[in-house]
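Q: So that we are looking at the same thing, I have put the structure below in structure tokens.
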Ligand SMILES: Nc1ncnc2c1ncn2[C@@H]1O[C@H](COP(=O)(O)OP(=O)(O)O)[C@@H](O)[C@H]1O
Ligand SMILES: CC(C)(COP(=O)(O)O)[C@@H](O)C(=O)NCCC(=O)O
Ligand SMILES: [K+]
């Protein structure tokens, strides 16, 4: 079975692919201090709970946090006796190479999202991923990542307001009843919710204006459906886009003899 690991700046998602489907998806916070042994204890307990055998013979990792890769490599070597594929490393091939400025280290999550989205939806896409940062990835007709946009994430924006202004509390994002807030929390929620609806719509419109063909918009990330309630922002929401992309890249490397 294949273990896919998608490590973001906030959370790390482990999924198990049995050759036909993903059997489970497990989430833990991203902490670079966590050791291979700690990962293994956590993973084996949860797999036992889900009655999934631990016979992993392949591992693929995408990490936006370079420091965590070391311990995930040790996990893979020590407990599964396999060398992991690490997206973004030269030995991990991509179905399409990104076309960006020389020397740019594209976030591996964006390369993975592009590969997953191209496989599912074809080319000429905007992929919007609501993570720690909100990223917009442009996927060309041939499936290559050709650039995009990085915006501050939703929770990061709320946290920044709280940290920078003494009188502003910590609040969670939600769709407010009205635009005009009549208390502090409602005002903050309105600013972030409607501000974000405008941000997503505005950026997608401008990308479409710069791109020479019609594009579809695919969204992913737990917060994506919330913003669709404010306006029709995307054509599809795909919760499993990143793990699908990891599997596609793994299969590609297997076919090429590099995995
Ligand atoms: N379904 C959800 N509802 C509310 N908040 C969510 C949901 N999913 C993720 N988040 C929050 O969104 C932020 C980004 O999470 P995540 O997508 O895991 O980021 P990353 O991939 O960068 O680690 C985090 O603060 C997380 O707690
Ligand atoms: C933009 C990101 C921080 C998003 O990461 P995430 O929100 O998934 O943790 C990540 O893709 C990254 O570190 N990118 C490197 C720069 C780039 O993609 O051009
Ligand atoms: K992510």
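Glycine is no exception: its Cβ is also placed from the backbone N, Cα and C atoms.
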Q: Name the residue, out of 132, 134, 135, that TrEMBL lists for the same ATP site as 6, 7, 8, 9, 10, 11, 12, 13, please.
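A: Checking 132, 134, 135 against TrEMBL: the ATP site match is 132.
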Q: Take the C-alpha atoms of residue 129 (K(+) binding site) and residue 12 (ATP binding site) and report the distance between them in angstrom, rounded.
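A: Given the Cα positions, residue 129 (K(+) binding site) is 15 Å from residue 12 (ATP binding site).
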Q: Look up residue 8 (ATP binding site) in the DSSP assignment and report helix, strand or coil.
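A: Coil, per DSSP.
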Q: Give me the long-range Cβ neighbours of residue 8 (ATP binding site): same chain, 6+ apart, Cβ under 8 Å, in sequence order.
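A: Long-range Cβ contacts: 30, 64, 65, 109, 131, 132.
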